[in-house]
Amino acid sequence: MDHSSEEDTDISESEIEEYGEQAYEKLKKGERELKASGEKYTCPYCPRKRKQDYLYKELLQHASGIGTGNSKKRRAREKANHLGLARYLENDMQNQASSSKPVDDKDPFSSCDHDEKFVWPWTGIVVNIPTQFKDGRYVGESGSKLRDELRARGFNPKRVHPLWNFKGHSGSAVVEFNKDWLGLNNALSFEKEYELNHHGKQHWQPKDTEKSGLYAWVARADDYNAPGIIGDHLRKIADLKTISEMTAEEARKTDKLVYNLTNVLENKKKSLQEMESRFKETSNSISQLAEEKDRLHQAYNEEIKKIQLSARDHFQKIFNDHAKLKLQLESEKSELDLRVQELEKREAHNESERKKLSEEIEKNAMRNSSLQHAAIVQQKADENVLKLAEEQKKEKEDLHKRILQLQNQLEAKQALELEIEQLKGKLNVMKHVGDEGDMEVIQKVDEMLKELREKEENLEEVESLNQTLIVKERMSNEELQEARKELINGLKDFSNRGNIGIKRMGELDSSVFQEACKKKYPEDIEEDKAAELCSLWDEYLRDPEWHPFRVVGVDGDHKEVIDETDEKLRSLKNEWGDDVYNAVATALKEINEYNPSGRYITTELWNNKEGRKATLQEGVSYILDKWKDHKRKRGMT
């Protein structure tokens, strides 16, 4: 047939499926001839190709490779025709093809040397894979793409491993097939396909010709033992075996399997015979039991009939008596129902009243108990607060009196010491000025000595009293500090936002560090950086060896001030600005004032409104006001 006019016109890619179906129908009708001779077939769509004789599987690989391939050199109509051919071979000629399922005992590997050593598992080698130099190394396409192309051509490889070295993709790959005879058949078909296209191993080895496209072959002993990346990889993943060795090993496994199956079969036969014997015995027993069952069943039925007749007469008599009793009971029941309804109404009314009364009693009891408890708690709290306020006020007045008394005693002591010194001076003058026989002078000296002794005795008494007052002042001061601590603990129950609150002396203000880090770091790390910076300077503050202070004279007195020339402080100010510097300086001053030895954070009663240390009276007044507000709110609720 002449189809040249039809094949001259091409089709679009979207029409491949439709024209493939048309080609399939023509092949079914016999418009194209495939059979060449025996088991050989020809491709009706490749008349000019050098290879004209194919086995069934080879022709199927040829048709599938062109029909499903992505080659741009193939026309769309050519792809459609081969797609229809592949479908026809799979659906209509599979049972007819002798090469797909051999029915004779001919060895499919007779053309191979059975003593030739192949790499096992059966492995193919692909070389001359295109690569590109990218980012300092060679890269190429993945092994899965080459595996899919080989599967589409009918070779069915398990996987493809591209080989890489320190330069990147080596341009070579190893194709792994199944370990069975079908895998060897696929590997040899894979090798033959490339040899027919002049891309086999013998075409790759000459170095004097230019190579293009992929070259491939089945790996054998020379590839296994060869130096280089291919040989190294093969020696890692596979062994060398001949077809004869594989056949002998398979025969050994088959003989062993047959032997095992024969033993199993013999055991099964023995078991079957035993089961048949037991079955016969069981069948006889069942037959005897069935006969005995039938006999017992017949006797049972006869006995049941007698019982049923007797029971029927008895039930009829009972039924008649029951009818009479039923009429009598119904009349009595109607009377009882009326009485029950009346009693239920009365009981429901009484129960409802009783529940209401009980609930009211429980509510009143709970309310009285809560009110009494609240009143007791409130009374105790008020008494404690008032008691604390009175005690603090009394202690403050006593302390004030003691301080005034101490001041007066100190002034008296100073005056007495001055007077003693003056008397000593006069006494010395009198000793040097008077004559030795001047009795008047001697008498005055004696009087002055006597007065001096009295003044010294008075001075000792004043010093003893002064020490007593100092001890009392220290005790009073300790009591005041304990009172301030108790007052601070009491303020913890209230908000720290009022006029009077609690301040942690020597603690860094973390918000200043956060604001500084916002200007310097990105949003996602600013909090971490602020925490790190705040923690670092907190460690500096707790270091007792770091004391950045200097002593200066202020109004005739000596005072410690921040040493602005300190290297750490100067670096902090230059890098993070005045706000962070002032926060650290404030914490330093507070630590130096309240805890210079321990250098840890202490709590202090603080006047938030005026920014100073609160007095004890201010703290007590604040707590009293809060308790009054709390008491007034509870009274309103």
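Cβ coordinates are placed from backbone N, Cα and C, and glycine is handled just like the others.
What TrEMBL says about this one:
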REGION    1-22  region 'Disordered'
COMPBIAS  7-20  compositional bias 'Acidic residues'
DOMAIN    43-86  domain 'Zinc finger-XS'
DOMAIN    115-225  domain 'XS'
COILED    258-360  coiled coil
COILED    386-497  coiled coil
DOMAIN    503-633  domain 'Factor of DNA methylation 1-5/IDN2'
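Summed and averaged per residue, pLDDT over the coiled coil (386-497) gives 65.
The domain 'Factor of DNA methylation 1-5/IDN2' (503-633): residue composition by secondary structure is 73 helix, 23 strand, 35 coil, according to DSSP. Note on the domain 'XS' (115-225): DSSP counts are 35 helix, 38 strand, 38 coil. When the domain 'Zinc finger-XS' (43-86) is classified with DSSP, helix, strand and coil residues number 24 helix, 1 strand, 19 coil.
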